[in-house]
Amino acid sequence: MNNLKKNDKEVLEEFANLFPILLNEIKKELEKIDFPKESIHWIETVIKANSTGGKMNRGISVLESLESLNEGRALTRHEIFQAQTLGWCVEIFQACYLVSDDIMDQSLKRRGKPCWYKQKRPNSDQEVGLAAINDSFIIESCVFILLEKYFKNESYYLNIVELFHKTGFQTQLGQLLDLTTQPIRGDFSSINLKNHTRITEYKTAYYSFFFPVALAMLMSKINHEQAFTTAKDILLPMGVYFQVQDDFLDCYGSPEVFGKIGRDIEENKCSWMICQAILNGTPDQINLLKKHYGFDNPTDVEIVKKIYKEINLEKIFKDYENTSYNFLIDKIKTTCIYLPPSVFLKILSKIYKRDK
């Protein structure tokens, strides 16, 4: 039994130490089918490069949520291992979408390093390039190798496999919305908070917030529909709040701290920042934004950021952050009938006023 309460650093280290073991299991499965060594090395490199280096909040949330859901008793070593393994499945699952998202957005950096498609191929000076598309498929498939190996005999196996498929589909729908609601330059008719919220819920909130907690609930054999509804009602707004932070940091965050170079302005994104600028700007400012938003050159970007400063979007964001935090705290206190509030408070404490 695990009776000693670990601090955050110890939890992170223990979680990180499991990754090489799981990666080796994937390698062994590939060796069983006599796959070429060079190709196995490629797959190992792909998974390691894209699954590690982040904050690992989503993965660790599975274990932390399981602990909160089972307050009053210590988890067994087996339960801890299973939760950590599921957590890594979440992190690896996320990696496949980061790889494809960076290609579609033509991003340059991810977690402080060049995006995978911009990196050198294993044992080559050539860029990975569009081979990264297939790599994203492979990363996703490797998740199901791990799920089958470690959870096939669990009573909740089918439920977690279905949840992975459903979450993947929701994320893909979110990416579709993100790509197809990008307006024609100068046309702001589709840039509004309603569209922003819809994109965010599907692209970010489900897999980053609801997904890890729902996995812990399935491990705990919670099957009350209202419990899952409550979790969704709290975690989707939390995911929207998280994305708004991301949109703010995309513009104002330090690339060294944030881990990537923001490109929402250049890519004509339906970002919270431009939505607020349209709501709070003067007609002249909005006309200027229509002329300069969505163009990939420094002069246009600088003009957009200058207008953001004139509108004082930093203050608008800080007010939003405080309002959202209070809203979420109140929602947790008033709706947590079937689930302990600590499940959600722990997650909220990690993202409140974050800078990366």
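A Cβ is built for glycine as well, from the same backbone N, Cα and C atoms used for every other residue.
From the candidate list Gln82, Gln84, Gln94, the residue Swiss-Prot records in the isopentenyl diphosphate site shared with Lys55, Arg58, Arg111 is Gln94. With Arg110, Lys203, Thr204, Gln243, Lys269 listed by Swiss-Prot as binding dimethylallyl diphosphate, the candidate from Lys120, Lys232, Lys260 annotated for that site turns out to be Lys260.
Put simply, Arg58 (isopentenyl diphosphate binding site) is 14 Å from Lys203 (dimethylallyl diphosphate binding site) when counted between their Cα atoms.
Counting every protein chain shown, the Cβ of Lys269 (dimethylallyl diphosphate binding site) has 25 other Cβ atoms within 10 Å. For the binding-site residues given as Lys55, Arg58, Lys260, the lowest number of other CB atoms within 10 Å of the residue's CB is seen at Lys55. For Asp105 (Mg(2+) 2 binding site), the spatially nearest entry among the binding-site residues Lys55, Arg58, Lys260 is Lys260, judged by CA separation. Comparing CA positions across the binding-site residues Lys55, Arg58, Gln94, Asp101, Arg111, the one lying closest to Lys269 (dimethylallyl diphosphate binding site) turns out to be Asp101. Close to Thr204 (dimethylallyl diphosphate binding site) in the fold, though at least 6 residues off in sequence, lie Gly174, Gly239, Val240, Phe242, Gln243, Asp246, each with a CB less than 8 Å from its CB.
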